[in-house]
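Below is one structure, written out as structure tokens; the observations come after it.
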Amino acid sequence: MTCLDTPPRGMSETKDEVKEEYADVIESDKTERMKDTKRSEEDEKHHGDFATVSSAASSMHEGQSEDHDPEAITTVPSNSPPYSVFSKKQKYFIVCLAAWGGFFSPLSANIYFPALTKLVVEYNVSSTLMNLTLTSYLIFQGLAPTFFGDFADMAGRRPAYIIGFIIYIGANIGLALQNSYAALFVLRCIQSTGSSATIALGNGVVADIATSSERGTWMGYVTSGPMVAPAIAPIIGGLLSEFLGWRAIFWFLVIMAGVYMLPLILFFPETGRNVVGNGSIPPQSFNMSLLNYLQARKARKAYGENELTRAVSRDEQQALARKRKLRIPNPLGTLKVIGQKDAGLLLFYNSLVYTAFYTVISSAPYLFEEIYGFNDLQIGLSFIPFGVGAMIAPMTAGKLLDWNYRRLAKKTGLRIDKKRGEDLRDFPLERARLHIAFPMLVIGTLVILCYGWVLQVEPSLAAPLVLHFFLGLCLTGAFNCMSVMLVDYYPLSSATATAANNLVRCFMGAGGTAVITMMIDAMGRGWCFTFIAGVITFFSPILWVLMKWGPKWREERRLKIESQANAGG
């Protein structure tokens, strides 16, 4: 783990796209090894399916020409390898599929909301007891990524995705067929286990392919999936529950997951940096997409294994081979992240905001039924404003994060290199992220405060729906800012770091959903949400602490990791 986006030395650099066969690459490697090469934006733009072999071959060429990118950072050698060999089109495809994968966890949680009141009657249990199925979902949403995150950083993103979705599909089949509250409770835990890792994996994919200067935008893309789900999931759930019965919700999820698995298995490439480096090292055969596996097998038959892999440095192969050794996933890695002063404070504050956010949403079905007499479909439709706000937030926050990064880079004299990344040791990273999060948190906290008193007087439906929109926009945008900052802290173990984020916020969110209806009954709507807003306000100085002492703590961690690496090497 490191705070630097600069990739390890020795990784290969992209060259020309291989059009039809590997022959051109091998011939080039034999005859032009001592010639200068000249990389251009057009090479990277047209980098194709054979990027692994092409970039490996180019790494054998000596005396590479200087890259004349006007934004190139002066502290990074111009002939150093790119941060990622994937072309922009490939990145869009990878992030699109990661965003779609991240869609399933919040989809499974929110599609369930409109059916809660019907399930209370079906199983003859109290609303508090039914809320425990939400609480258990959140608990496992926090626990499961601690295993999947470490597994994904160790073995790769693809195996973690595939195993997670197999578990998820099985759980949904069970949920559609079960007939008891106990089975519902247990299978919801398993459903959460299968789907919850996808958000951590999506953040990990972004860290694999994007440097800090553009990470805000790419994180906006990948989190758009999880943010779109709250906009449409309650509507889908309300329609299915009202007209086909609540069991149709889970059959729908089975079909959706099955459709997703097709492009995942066929086309999604491995991106984990501990497995493929910057994308130039071939993964293990079991870790290839079906398309890449067929291409590699065809090439081996035509040219032989040695010719295709000889261009990759032996040191690089050996280093990654050591990291590729499979072991039992260690969830304690997430505890190490939580134990860091800067990351721990960030995770704690983010979890408070998440708890406030989730208590508002999880209590909405009961409050809207009580105040307005809504049925399942109407409850689902009432989530539209919240979902629209949450859908807009990631892209808005992402663009603002990258703009603020560029602004501070110019102010501090840091020249940006989008291809290779920047040395962030002297860069005010915390200010670059939290300057954008702070105003969103202020507005979001005020919205929570107003929301409780608006419901207290039971006005027309327009008032709480408008507040739901701003709640989704501001608090979701703040989540995105803090998530990007956490990935910046741990770009090489981003899935593990995101798993730590899930663990803390989901455990605290689970506690909030377990008691929110009791708090509303005991304190009243107005004072209950006033208390929640007050807690967020009380702990907000944590952001100032991070901006003031965060850079020092980040540098201390970097030096410690460097010394450990040197001692181990």
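For all residues, glycine too, the Cβ spot is worked out from N, Cα and C.
The feature region 'Disordered' is assigned by TrEMBL to 1-76.
As annotated by TrEMBL, compositional bias 'Basic and acidic residues' applies to 12-49.
According to TrEMBL, the compositional bias 'Polar residues' annotation covers 52-62.
Taken from TrEMBL, the feature transmembrane segment covers 92-113 (among others). Remote same-chain residues near the transmembrane segment (92-113) are listed as 86, 133-134, 137, 141, 161, 165, 168, 191-192, 195-196, 198-199, 201-202, 205-206, 209, 218, 221-230, 233-234, 236-237, 240, 249, 252-253, 256-257, 260, 263-264, 267-269, 271, 361-362, 364-365, 379-380, 383 (criterion: CB distance under 8 Å, separation of at least six residues from the stretch ends).
Positions annotated as domain 'Major facilitator superfamily (MFS) profile' by TrEMBL: 94-552.
The transmembrane segment feature in TrEMBL is assigned to 125-148 (among others).
Per TrEMBL, the feature transmembrane segment maps to 160-177 (among others).
What TrEMBL lists as transmembrane segment is 183-206 (among others).
The transmembrane segment feature in TrEMBL is assigned to 218-236 (among others).
Look at TrEMBL and you will find 248-268 (among others) tagged as transmembrane segment. Within the same chain, residues 93-94, 97, 100-101, 104, 107-108, 111-112, 115, 158, 161-162, 165, 168-169, 172-173, 175-176, 236-237, 240-241, 289-291 sit at least 6 positions outside the transmembrane segment (248-268) and bring their C-beta atoms closer than 8 Å to a C-beta of that stretch.
Long-range neighbours of the transmembrane segment (346-367) within the same chain, counting only residues 6 or more positions beyond its ends whose Cβ lies under 8 Å from a Cβ of the stretch, are 110, 113-114, 116-117, 127, 131, 134, 138, 230, 337-338, 379, 382-383, 386, 441, 444-445, 448, 451, 455, 468, 471, 475-476, 478-479, 482-483, 485-486, 500-501, 504-509, 511-513, 516-517, 520, 525, 529, 532-533, 535-536, 539-540, 542-543, 546. Annotated transmembrane segment per TrEMBL: 346-367 (among others), in sequence order.
Taken from TrEMBL, the feature transmembrane segment applies to 379-401 (among others).
Feature annotation from TrEMBL assigns transmembrane segment to 434-454 (among others).
Remote same-chain residues near the transmembrane segment (466-490) are listed as 1-3, 203, 206-207, 212, 215-216, 219-220, 223, 227, 230, 337, 340, 342-343, 346-347, 349-350, 353-354, 356-357, 360, 364, 382-383, 385-394, 396-398, 401, 424, 429-430, 433-434, 436-437, 440-441, 443-444, 447-448, 450-451, 454, 496-498, 501, 554 (criterion: CB distance under 8 Å, separation of at least six residues from the stretch ends). Under the heading transmembrane segment, TrEMBL lists 466-490 (among others).
Here TrEMBL flags 502-520 (among others) as transmembrane segment.
Summarising the annotation, TrEMBL assigns transmembrane segment to 526-547 (among others).
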| said: Can you tell me which parts of the same chain pack against the transmembrane segment (218-236), counting only residues 6+ beyond its ends and a CB-CB cutoff under 8 A? | reply: 91-92, 95-96, 98-107, 109-111, 113-114, 199, 202-203, 205-206, 209-210, 249, 252, 361, 379-384, 386-388, 390-391, 393-399, 401, 472, 476, 480, 483-484, 487
| Taking 434-454, 502-520, 526-547 as candidates, which has the most Cβ pairs under 8 Å with the transmembrane segment (183-206)? | 502-520
| task | Would you kindly check 379-401, 502-520, 526-547 and say which stretch has the most C-beta pairs under 8 angstroms to the transmembrane segment (125-148)? | result | 502-520
| field | Dominant neighbour of the transmembrane segment (379-401) in 160-177, 434-454, 526-547, by Cβ pairs under 8 Å | value | 434-454
